[in-house]
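Only one structure is covered here, and it is reproduced in the block below.
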Ligand SMILES: [Zn+2]
């Protein structure tokens, strides 16, 4: 099956030689071809280039993209889209002035989601979650990482990870699963952290490993949640099962968590609303991708990740949604890219690099996703006619996507 897309006004993120990520000043460069063609064969990108070199073949399907932009689909490396119910009441409580802490004391927050998840059967959770997965695919996401972390019991965590695996089996979108048993301490372990960490290490991890249910391991490393020391213990245990860390860190406080994550060769450190000079030094020269989640900053009115400062220090940066029921009930990567430009002062080139190739790196798939490169998965967005691709950030609430291809097929 061949699909030939012709007369593309702007073909973005073209990389002849495969790269795994872009860092620092390189992030400002988004290679593109004007008046281009793109050839898809089965599920892969077979060829691309200027229209002057367009092959004269009779493809099974030819799409005229006059006036339109084509770019790789978004790689959303941080989500929690498997959950039960919602937290709409907490949203309204917050509007009425209740603090995060007061909401938590009323049984809200992560423990509220955990209660709902444990009361809901697996099929129901799957059916609720697949609606969100289908929605983000329509919004241009072609690869997504999904975390557990609303079970906080052996059964609940396994149930969530099985749902993630089932979604991966039933949908063409690339899905990576992360075990986040260390999302919060269940009420019965509030005074006995060691016992819950033992449960994670001795009961959850062996079962998850046996069922091959997770690719990565995560912890909410934060004041009042998991300490640096507790996180190190969990990263160490995960390592024995081949689970590489991707860690929630520096959302509200900076407590030298990033140093520990780098020491354990975390694939990514995510949130980073509060970043110190020392954190930046720790990240320099490491293989760890910093990940910013601007929709979360927007929704709960907390600072945005200091992208300019981090890129000026030569660091890479990825963008993801953090789609979850409490602090970011949105999986729209177009909004993330626009918000990164509007609020974090990233240029459209930097934001698109961060949401494609660097997002792919942050979930370990940059060899197959995140750029227009021969042999990579044919995951592309075709936009509606645009003045320039800058419009994708400028017209920040318009739906500018016309068609999304995942694994070579229009969805
Ligand atoms: Zn998160």
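Placement of Cβ uses the backbone N, Cα and C atoms for every residue, glycine included.
Taken from TrEMBL, the feature Zn(2+) binding site covers 78, 80, 248, 322. Non-local neighbourhood of residue 248 (Zn(2+) binding site): 180, 218, 219, 220, 221, 222, 270, 271, each in the same chain, at least six residues away, with C-beta under 8 Å from its C-beta.
TrEMBL lists 78, 80, 248, 322 with the feature Fe(3+) binding site. Note on residue 78 (Zn(2+) binding site): other Cβ atoms within 10 Å of its Cβ, all shown chains, come to 30.
Annotated 4-imidazolone-5-propanoate binding site per TrEMBL: 87, 150, 183, 251, 327, in sequence order. The secondary structure of residue 150 (4-imidazolone-5-propanoate binding site), as reduced to three states from DSSP, is coil rather than helix or strand. Around residue 150 (4-imidazolone-5-propanoate binding site), the same-chain residues six or more apart in sequence whose CB sits under 8 Å from its CB are 80, 82, 83, 84, 110, 113, 114, 116, 117, 156, 160, 183, listed in sequence order.
Look at TrEMBL and you will find 150, 324, 326 tagged as N-formimidoyl-L-glutamate binding site. Around the Cβ of residue 326 (N-formimidoyl-L-glutamate binding site), the same chain contributes 87, 90, 109, 110, 112, 113, each under 8 angstroms and 6 or more positions distant in sequence. DSSP gives residue 326 (N-formimidoyl-L-glutamate binding site) a coil state; it is part of no helix or strand.
What TrEMBL lists as domain 'Amidohydrolase-related' is 69-410. Mean pLDDT of the predicted structure over the domain 'Amidohydrolase-related' (69-410): 96.
The two recorded residues residue 327 (4-imidazolone-5-propanoate binding site) and residue 78 (Zn(2+) binding site) have their Cα atoms spaced 13 Å from each other. Within the set of binding-site residues (251, 327), the lowest number of other Cβ atoms found within 10 Å of a Cβ is recorded at 327. Highlighted in sequence order, 80, 83, 87, 110, 113, 149, 325, 327 have their Cβ within 8 Å of the centre of the Cβ atoms of 150, 324, 326, the residues recorded for N-formimidoyl-L-glutamate, and are not part of that set.
The Cβ neighbour count for residue 324 (N-formimidoyl-L-glutamate binding site), using a 10 Å radius over every protein chain in view, is 26. For the N-formimidoyl-L-glutamate site, whose binding residues are given in the record as 150, 324, 326, the maximum C-alpha distance rounds to 11 Å. Calculated from their C-alpha atoms, the gap between residue 324 (N-formimidoyl-L-glutamate binding site) and residue 78 (Zn(2+) binding site) amounts to 10 Å. Straight-line distance linking the Cα atoms of residue 78 (Zn(2+) binding site) and residue 251 (4-imidazolone-5-propanoate binding site), rounded to a whole number, equals 14 Å.
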